[in-house]
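Swiss-Prot lists 64, 65, 66, 67, 68, 69, 70, 71 with the feature ATP binding site. Taken from Swiss-Prot, the feature compositional bias 'Basic and acidic residues' applies to 325-335. Per Swiss-Prot, the feature compositional bias 'Acidic residues' maps to 336-348. The feature region 'Disordered' is assigned by Swiss-Prot to 325-348.
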């Protein structure tokens, strides 16, 4: 062993002695090279994300115009976490969560942890406490724009508070990012959009809360309504495009198209018909859809209805589509507490 290697080994021992075992290691020795994920609750979005769902221990930003389906996307993820036996928390800074709608989407509202804080500082302190407990698998904050700093709440109408919210978010994310990674919590920040005044060229849209969230996010999703879904003259929902604007774990810029039905959320059958037809699991000939030589409906809506009524066939098609896209759940880890996550509070 040469002098350089001996010096390095001595330094590594000193670091581990001072900061604990596992504080530094060779990347090849890291036991968690595969990215562990939790399904988003949408097959199309799982495929667009490239790794089969939201990566655990990472920050996700979901933004878009008003009533585009941002909260719906987050609630589907919560339902998926709860279905796997995990714990989810919802920090409702907007004070606008509809429990009945959440229940329709599959959320177990009896088990969902809910907080409706008065100030941005309170919301982020609650978020930090939940993350550092190591017992929360998913945390949703709705929304960043509603995280109003205490100084603004206590001040007068019309007072200028330049950059307060951006500083608040920057400080909070510096504290949260490490704990989120260690605890394997998925932190979903819902955000709104604003428009810069006087922008003549380029996109005038920006998201509130400064630049910190853009940098700390592993995945950024842009949610926008594409068109209305009608039955006769009645509007039943919206076709929505979810664009993966940023992705640190897979190629970005993929787009998931989903049907968000009023009162029901994302239509599993709608996205399944589209994705299955794309990889020839379902055959589309003219207006007819067929599966294993058997016709399942004339027109997309009839095919959706057939799958809704025949859940065994729907699940079989879903599994085949996941295998075609190679997201059959190989990177799913059980949601359970670990010694590392439970010791987060002791590290402080």
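Think of each number as a place in line: the chain as shown, counted from 1.
Using the three backbone atoms N, Cα and C, a Cβ is placed for every residue, glycine included.
Everything Swiss-Prot records as a feature, shown here on the structure.
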| residue | record | contacts (Cβ under 8 Å, 6+ apart) |
| --- | --- | --- |
| 64 | ATP binding site | 70, 193, 222, 223, 224 |
| 65 | ATP binding site | 192, 193, 224, 225 |
| 66 | ATP binding site | 192 |
| 67 | ATP binding site | 225 |
| 68 | ATP binding site | 223, 224, 225, 240 |
| 69 | ATP binding site | 223, 225, 238, 240, 260 |
| 71 | ATP binding site | 97, 142, 190 |
Legend entry - Other residues, Cβ within 8 Å of 64, 65, 66, 67, 68, 69, 70, 71 Cβ centroid (ATP site): 223, 224, 225
Legend entry - Secondary-structure category, per DSSP, in which residue 64 (ATP binding site) falls: coil
Inset, instruction - Tell me the Cβ neighbour count for residue 70 (ATP binding site), meaning other Cβ atoms within 10 Å of its Cβ, over all protein chains shown. - result: 25
